[in-house]
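Here the structure is laid out as structure tokens; the discussion comes afterwards.
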Ligand SMILES: Cc1cc2nc3c(=O)[nH]c(=O)nc-3n(C[C@H](O)[C@H](O)[C@H](O)COP(=O)(O)OP(=O)(O)OC[C@H]3O[C@@H](n4cnc5c(N)ncnc54)[C@H](O)[C@@H]3O)c2cc1C
């Protein structure tokens, strides 16, 4: 019986676990299968839990664009399926009009604009209105409609689906991967530890990209506005609250809320929507994005067993999780035929 461990219960671990479990349940119902998520933290304490979960490739280092396209499209299709089902409310999936603005040469959404709905470049007149009062001007902008799937709702929904299908969970911190592989009963280990891989694998290519956000009550905001510049702000409505952002501080491991970041966020977002000043402030939150020169999704043989790595999703872990899980499953099926599990 294939006995598979997924280390990590963030969006990538849970998506990978579901893909594997449901593949066997649906296609090989006579093969008994055990899939266990082993993790020191679960929702609501993973990196995605505080994020808005807006679909959009972001902060992915040098990861191959064609792969990012494929992975992010898979997630968009998955979200569309959920949105059209009765589960959208429970899963926290909302359809959202967005405007992305850029101050750089390259146009917004160059390689992914056909995945989202109704993408249109802003006209120069529209850009001019966004540029009023600004010293650094936006040079391009894109309006479109896509999804948010806030992980604080999506993760409990996915965990429920995993457990309903017979998945198991174990709360454990893995401190020594080789020892875990040797001493545990698992045939295959899937490593979805995000930034945890820096310590677990001594992967020095991993680094934190610190993100601080605020949440407000403002159920009159129905559009996301995102300034893509290095010091840009963003406003992203979720189901019940609105996320204001944000920072992306490279190699900053401080998980405490910074008052100066908070005032940068609130002041910057007020420039787009002045009424934010009077909205109820709910909370501030800091998360460390799992930054890496390039997302790592590959299999290796370790201690005589197959280990599949799936980490380093930067600022797009939610956007890519379902598509990356497709590849994890493929790697597992290939390795299975090689090693005759
Ligand atoms: C402010 C902010 C806003 C964001 N907004 C968005 C957005 O709008 N859209 C988007 O797509 N992405 C967004 N992101 C990025 C996204 O949240 C991350 O890319 C994503 O959460 C990474 O998921 P993961 O499953 O790979 O890692 P994580 O969520 O970090 O999960 C790692 C898991 O592994 C476990 N773990 C780690 N080490 C060990 C160990 N040694 N032993 C056992 N368990 C271990 C942890 O407990 C955790 O369960 C945002 C991030 C931040 C910080």
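Cβ from N, Cα, C; glycine included.
The FAD binding site annotation in TrEMBL covers 52, 53, 54, 174, 193, 314, 315, 316, 317, 318, 319. Per TrEMBL, the feature D-dopa binding site maps to 234, 289, 315. Per TrEMBL, domain 'FAD dependent oxidoreductase' is recorded for 4-328.
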Binding-site residues near ligand 1 among 52, 54, 234, 315 (Cβ under 6 Å): 52, 54, 315
Rounded distance in angstrom between the Cα atoms of residue 234 (D-dopa binding site) and residue 52 (FAD binding site): 11
Cβ neighbours of residue 52 (FAD binding site) where a neighbour is any other Cβ within 10 Å: 26
Those binding-site residues listed as 315, 317, and which of them has the most Cβ atoms within 10 Å of its own Cβ: 317
Residue pair residue 319 (FAD binding site), residue 289 (D-dopa binding site) - Cα distance, angstrom, rounded: 13
Alpha-carbon spacing, residue 54 (FAD binding site) to residue 289 (D-dopa binding site), which is rounded to whole Å: 14
Within the predicted model, mean pLDDT of the domain 'FAD dependent oxidoreductase' (4-328): 95
Those binding-site residues, out of 52, 193, 315, that come within 10 angstroms of residue 289 (D-dopa binding site) at the Cα: 315
Mapped DSSP class for residue 319 (FAD binding site), helix or strand or coil: helix
Where residue 289 (D-dopa binding site) falls in three-state DSSP terms: strand
Sequence-distant neighbours of residue 193 (FAD binding site) in its chain (C-beta under 8 A, six or more apart): 7, 8, 13, 174, 200, 311
Number of Cβ atoms other than its own within 10 Å, given for residue 289 (D-dopa binding site): 26
CB contacts for residue 234 (D-dopa binding site) [other CB atoms within 10 A, all chains]: 23
